[in-house]
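Here Swiss-Prot flags 62-72 as compositional bias 'Low complexity'. The domain 'Ig-like' annotation in Swiss-Prot covers 258-356. Residues annotated as N-linked glycosylation site in Swiss-Prot: N46, N91, N100, N120, N212, N354, N400, N429. Marked as region 'Disordered' by Swiss-Prot: 53-86. According to Swiss-Prot, the feature signal peptide maps to 1-27. Annotation source Swiss-Prot lists topological domain 'Virion surface' at 28-465, citing sequence analysis. Look at Swiss-Prot and you will find 493-501 tagged as topological domain 'Cytoplasmic'. Among the features that Swiss-Prot reports, transmembrane segment is placed at 466-492.
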Amino acid sequence: MLTPRVLRALGWTGLFFLLLSPSNVLGASLSRDLETPPFLSFDPSNISINGAPLTEVPHAPSTESVSTNSESTNEHTITETTGKNAYIHNNASTDKQNANDTHKTPNILCDTEEVFVFLNETGRFVCTLKVDPPSDSEWSNFVLDLIFNPIEYHANEKNVEAARIAGLYGVPGSDYAYPRQSELISSIRRDPQGTFWTSPSPHGNKYFIWINKTTNTMGVEIRNVDYADNGYMQVIMRDHFNRPLIDKHIYIRVCQRPASVDVLAPPVLSGENYKASCIVRHFYPPGSVYVSWRQNGNIATPRKDRDGSFWWFESGRGATLVSTITLGNSGIDFPPKISCLVAWKQGDMISTTNATAIPTVYHHPRLSLAFKDGYAICTIECVPSEITVRWLVHDEAQPNTTYNTVVTGLCRTIDRHRNLLSRIPVWDNWTKTKYTCRLIGYPFDEDKFQDSEYYDATPAARGTPMVITVTAVLGLAVILGMGIIMTALCLYNSTRKNIRL
């Protein structure tokens with residue numbers, strides 16, 4: 001029984017000298033400090049991983065007292081002694097203790113499973129290493145890895161609700177459809193001399209970590225969070241063969257309340273359905289917003305065959321959601337008050353807001369275009385007072401100085417509407433000319449209300465009356481010419497006779 005213990009002790013002695021050798025990475029900067037404070041705080045190192053040594057955790061005592069319920073804190077105080085024989089004896093005793101406790105499994109307990117943190121603020125969580133007993137040799141055989149994993153957002157852009165239920169969000173091709181990769185934030189070790197070591201960090205001072213050596217607790221801060229920090233942290237304990245023993249997930253939920261909510265209810269023509277859109281701008285994450293509709297205070301339900309929702313992501317601003325709804329016939333009732341109620345929810349946090357709009361209803365005007373007495377005349381009935389007339393000849397707008405528009409009276413069927421008459425001289429240019437009377441001022445397409453007719457001034461269109469007129473004029477001219485000639489001949493003959501006499 002003595003021989004195995006001696007061999008084991010000699011093995012630990014060899015390991016000890018190996019750690020202290022100048023060629024070893026850990027021992028290169030190792031200094032034995034028996035007065036190490038129980039609280040350590042550090043930022044993960046930003047040194048290069050390639051061939052560079054690990055960084056020793058600086059001794060920075062915390063100014064705040066940390067109270068925990070860690071079991072048997074005072075029972076596991078490590079006493080370091082000098083001299084080779086004392087070190088061998090200490091490790092031999094520890095080895096024996098480990099052999100008696102191999103059936104006990106270590107554990108990691110964290111104070112939360114989800115960290116809800118608002119944009120540009122700091123998120124925190126604390127994890128405690130439960131090892132009984134947490135001896136130096138066991139600590140040196142454990143590695144704590146802190147790994148960030150993003151939550152990707154790929155989704156059906158037309159149905160946010162279904163995507164939210166399925167846990168999938170995003171519009172393929174958006175700048176957040178492909179987030180940052182999973183990466184190791186920090187790898188923490190403790191050697192038999194009680195010194196903690198950390199691996200390089202990919203983000204400098206983005207992450208802040210502190211350790212309570214007495215209670216075996218680790219705190220993590222994620223500073224100035226942005227959308228790319230939305231994901232989950234893995235706290236993994238590995239053995240000396242790099243095999244994972246425990247894997248804890250702490251979700252980092254980045255939050256942003258909606259910046260604004262607006263309802264757009266475009267104007268409609270009498271007889272058409274009302275339509276409205278609710279725009280929820282700059283919130284996070286996608287799927288955290290719930291939209292409901294009210295019509296005059298009553299619940300209105302969107303129809304799946306014609307209504308829906310879609311959203312997009314703007315870098316640095318968050319997600320924007322648009323929800324649409326179609327309501328009843330505008331020719332039956334007065335314009336309703338359409339309200340959009342928005343609830344943003346993350347964890348136990350709820351924020352609500354609403355917006356309202358009343359659409360405007362326009363009635364179809366009546367137009368007629370005719371030609372009379374050398375004018376193109378447009379008769380308009382039942383238009384609002386802000387509506388004006390524009391004439392076009394061959395689809396080219398004419399200056400308003402070339403035509404005249406007057407109010408002829410009030411509309412008898414629609415309140416606050418009036419009747420108009422507008423006319424423009426036709427071109428008597430022996431060609432076929434297109435005239436268009438267009439109403440300006442409606443919030444629809446410019447050519448929504450207009451009437452067009454052709455004025456045909458060609459000879460063929462003028463017909464028999466014109467031919468008769470021309471013939472009569474020519475005949476009269478011939479008769480007059482002949483009369484003049486005969487009169488001249490008579491005068492000539494009379495004058496000649498008088499001369500002979």
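Glycine is treated like the rest: Cβ placed from N, Cα and C.
Features per Swiss-Prot, on structure.
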residue: N120; record: N-linked glycosylation site; DSSP class: coil
residue: N212; record: N-linked glycosylation site; DSSP class: strand
residue: N354; record: N-linked glycosylation site; DSSP class: strand
residue: N400; record: N-linked glycosylation site; DSSP class: helix
residue: N429; record: N-linked glycosylation site; DSSP class: coil
For N429 (N-linked glycosylation site) and N400 (N-linked glycosylation site), what Cα-Cα distance in Å is obtained after rounding to a whole number?
-> 21
Chain-internal residues near N354 (N-linked glycosylation site), provided their CB is under 8 angstroms and they sit 6+ positions away = V261, S339, C340, L341, V342
Restricting to the topological domain 'Cytoplasmic' (493-501), report the mean pLDDT as a whole number.
-> 63
Sequence-distant neighbours of N120 (N-linked glycosylation site) in its chain (C-beta under 8 A, six or more apart) | N224, V225, D226
Cα of N400 (N-linked glycosylation site) to Cα of N212 (N-linked glycosylation site), in Å and rounded, measures 85
The number of other Cβ atoms within 10 Å of the Cβ of N212 (N-linked glycosylation site), counted over all protein chains shown, is 20
Find, for the listed glycosylation sites N400, N429, the residue with the lowest Cβ contact count at a 10 Å cut-off, counting only other Cβ atoms.
-> N429
